[in-house]
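Note sheet for the following structure.
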Amino acid sequence: MTSTAYPPLEHLGWDTFFQARLPQPLPAEDTIVRVVSVHSMVMNVIGAQGRRQLAIPGNWLSGPAESRPTVGDWLVLDDTAQWPVQLLDRRTLVTRRAPTDITGVQLVAANLDTLFIVSSLNDDFNPSRLERYLAIAFQSGVEPVVVLTKADLVTPEHALACAEEARGLCPGLAVLVVNALDETTVNLLFPWVAPGRTATLVGSSGVGKSTLVNTLSREERTPTGAIRDSDGRGRHTTSSRTLYTLPNGGLIMDVPGFRELRLPPCPQGLSQVFRDIEELGIRCGFADCRHDGEPDCAVEKAVRQGTLTQRRVENYRKLLKEQAMQDDEKQQAKIYARQRRAADKVLGRPASNKRRRKR
Ligand SMILES: Nc1nc2c(ncn2[C@@H]2O[C@H](COP(=O)(O)OP(=O)(O)OP(=O)(O)O)[C@@H](O)[C@H]2O)c(=O)[nH]1
Ligand SMILES: [Mg+2]
Ligand SMILES: [Zn+2]
């Protein structure tokens with residue numbers, strides 16, 4: 001790692017990228033902190049002086065989602081080291097589409113180097129879901145690593161077949177097969193969470209994300225929960241995102257299990273995941289071929305020849321359709337906001353703060 005003016009912060013992921021974004025004159029070391037968890041009005045941060053809790057400035061909370069601090073962010077505090085004054089530019093930002101707000105994105109984590117996409121090898125393994133997570137990783141410039149857990153609960157042949165299928169999703173994709181309770185296999189993750197590197201774990205509930213944090217930490221840092229007998233799913237044991245420092249000097253974030261993963265706008269991410277299909281598409285008879293029954297379709301020809309799976313083509317089409325629908329919803333939301341403003345005017349009603357901000 002290239003040296004910065006704040007060596008104690010380098011253990012928390014600080015490097016020359018963030019150093020170059022600091023205001024001048026350079027702030028004192030104890031006024032630079034990293035966010036480890038965020039609650040509604042307060043956040044926990046870590047810095048050269050250890051951990052503490054800070055209030056989130058009200059004007060940060062009222063801005064768009066991207067202006068709010070999220071786990072992994074770096075902040076500059078005022079001279080008293082009590083009050084955040086600047087959120088430093090992010091190197092990477094992983095987002096997903098907010099489950100409730102039709103136009104908004106939800107911030108998952110900032111300044112990540114690695115996205116561990118965790119899936120268990122028993123019934124959770126689903127290549128189409130992995131492709132969703134891969135699109136998010138590529139869109140945000142974070143290196144994806146697929147971690148297949150519960151190898152001890154399946155046959156070696158099944159584990160090998162799933163790993164091969166996952167590797168086939170993207171050239172060069174790292175795929176690790178582990179028993180999350182067993183140190184010797186979990187050690188495979190360390191190269192991606194080396195000293196100063198920040199990783200996060202995403203995946204469905206119950207796949208073993210918190211178990212991986214505990215095994216990497218060599219101690220119980222975060223609770224894990226038994227799988228439900230009724231349907232074999234997790235119990236949503238982890239309820240908030242938290243960044244942990246590991247004994248090896250890396251940082252890892254535990255994230256609550258996602259019920260569903262709705263993609264934010266991610267055109268580059270999808271192009272990267274489905275590069276093979278997009279390259280074949282250039283050879284289709286029609287420039288706007290949807291690879292869905294059109295004559296002279298190079299993509300469907302590849303499926304017939306067995307070099308591409310029908311599942312992958314269908315997932316590609318489905319994800320593109322979701323992106324297009326999102327554009328429509330955005331358009332509808334804009335129209336709706338305009339209508340509300342027009343109604344405010346007609347009725348002589350002052351626009352609420354929330355609405356005024358959106359203008
Ligand atoms: N046998 C075995 N059990 C595992 C493995 N990984 C996780 N488990 C068990 O699976 C259950 C769920 O693990 P958690 O680590 O709580 O799962 P999680 O992904 O953090 O789940 P949420 O916090 O709900 O999102 C626990 O009982 C773990 O002990 C594994 O590789 N092998
Ligand atoms: Mg958990
Ligand atoms: Zn085609």
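Heads up, the Cβ atoms here are built off N, Cα and C, so glycines get one too.
If you look up TrEMBL, you'll see 102-261 marked as domain 'CP-type G'.
Taken from TrEMBL, the feature GTP binding site applies to THR149, LYS150, ALA151, ASP152, GLY203, SER204, SER205, GLY206, VAL207, GLY208, LYS209, SER210, THR211. According to DSSP, SER205 (GTP binding site) sits in a coil region rather than a helix or strand.
Sequence-distant neighbours of the region 'Disordered' (218-238) (same chain, 6+ residues past either end, Cβ-Cβ under 8 Å): 122-123, 183, 204-211, 244, 247, 254-257. Positions annotated as region 'Disordered' by TrEMBL: 218-238 (among others).
The compositional bias 'Basic and acidic residues' annotation in TrEMBL covers 218-234.
Under the heading Zn(2+) binding site, TrEMBL lists CYS284, CYS289, HIS291, CYS297. CYS289 (Zn(2+) binding site) falls outside any helix or strand according to DSSP and counts as coil. In sequence order, GLY281, CYS297, VAL299 are the residues near CYS289 (Zn(2+) binding site), counting only same-chain partners six or more apart with C-beta under 8 A.
Feature annotation from TrEMBL assigns region 'Disordered' to 324-359 (among others).
One residue stands out among the binding-site residues THR149, SER205, THR211 for having the most other Cβ atoms within 10 Å of its Cβ: THR149. Each residue in the domain 'CP-type G' (102-261) has a pLDDT score, and their mean in this model is 93. Maximum C-alpha to C-alpha distance over the listed GTP-binding residues THR149, LYS150, ALA151, ASP152, GLY203, SER204, SER205, GLY206, VAL207, GLY208, LYS209, SER210, THR211 is 19 Å. Proximity to ligand 2 at the level of Cβ atoms, with a cut-off under 6 angstroms, picks out none of the binding-site residues ALA151, CYS284, CYS289, HIS291, CYS297. Among the binding-site residues THR149, SER205, THR211, CYS284, CYS289, CYS297, the residues whose Cβ sits under 6 Å from any atom of ligand 1 are THR149, SER205, THR211.
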